[in-house]
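Visitor: Pulled the feature table from TrEMBL, pasting it below:
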type     : residues : note
ACT_SITE : Glu99    : active site, nucleophile
ACT_SITE : Glu103   : active site, proton donor
DOMAIN   : 19-213   : domain 'GH16'
CARBOHYD : Asn107   : N-linked glycosylation site
SIGNAL   : 1-22     : signal peptide
Amino acid sequence: MASTRNEFYALVLLCSMVATCAANFNQDFDLTWGDHRAKIFNGGQLLSLSLDKISGSGFQSKKEYLFGRIDMQLKLVAGNSAGTVTAYYLSSQGPTHDEIDFEFLGNVSGDPYILHTNVFTQGQGNREQQFYLWFDPTRNFHTYSIIWKPQHIIFLVDNIPIRVFKNAETMGVPFPKNQPMRIYSSLWNADDWATRGGLVKTDWSKAPFTAYYRNFKASEFSVSSNSFSDGAWQSNELDAYGRRRLRWVQRYFMIYNYCNDLKRFPQGLPAECRR
């Protein structure tokens, strides 16, 4: 018994030192809407969101974060998911909110999901990049991560970087760094735009649509204490391997980049696109 107790206190001490531990959904999240369509089970180790013709569902973290790494494993809606959106993101509140987005746009059976990413600063977004995934995200759980530091935001899929949004305040581009954000997720109907610009509608005969979540982990990073020992946190940039993986994803799987959309920005591309 004493040995078990000592191991428990050692784990608590380790968690407090690095500010990271695997989470329990019961302890760390609130089911915020959708009634019975949002569920936590397996002793808090698994969460599901469902969507039917009446309502979708969602949850949010009890805690706010200011810089850190957020990891979540998701298994997306299987089969014909056209018209549905599974959103997983960080956000503050108010008209000048900051936000860091993963959105998974459903599709008809056999067609790939579209992973939609965006960054909002002071209430302004319009920084979309979209990707196909190199696997079927409905067959197994995969890890979707956000690293948020004062220097940059990195989006990762199974620890492979897919996008880097760098701090360009020296060029007059606002960067999210002052507003703590909660973690949110929701499953909802967006068939007015989600699939082929709204051409393909939700097939409600396939409802309920369900997505699953597990293995949430949050690693907070304190700029003031600078106490996190992981070398990746101390580095401001991706290493050579990370840069190669980023180029691989963006070359073969990126399907939209706002920085290449000259028609959308006839007066000139946003400043961060010209770095």
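Positions of Cβ are set from backbone N, Cα and C atoms, glycine also.
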Visitor: How big is the gap, in Å, between the Cα of Asn107 (N-linked glycosylation site) and that of the residue listed as 'active site, nucleophile', rounded to a whole number?
Guide: 25
Visitor: Over the domain 'GH16' (19-213), what does the predicted model average in pLDDT?
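Guide: Mean model confidence (pLDDT) across the domain 'GH16' (19-213) is 95.
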Visitor: Return the residues near Glu103 (active site, proton donor), defined as same-chain residues 6+ apart in sequence whose C-beta is under 8 angstroms from its C-beta, sorted by sequence, else 'none'.
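Guide: Spatial neighbours, sequence-distant, of Glu103 (active site, proton donor): Val85, Thr86, Ala87, Tyr88, Tyr89, Leu115, His116, Thr117, Asn118.
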Visitor: Only counting partners 6 or more residues apart, tell me which same-chain residues put their Cβ under 8 Å from the Cβ of the residue listed as 'active site, nucleophile'.
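Guide: The residue listed as 'active site, nucleophile' has long-range Cβ partners Tyr89, Leu90, Ser91, Ser92, Asn118, Val119, Phe120, Gly125, Pro176, Met181.
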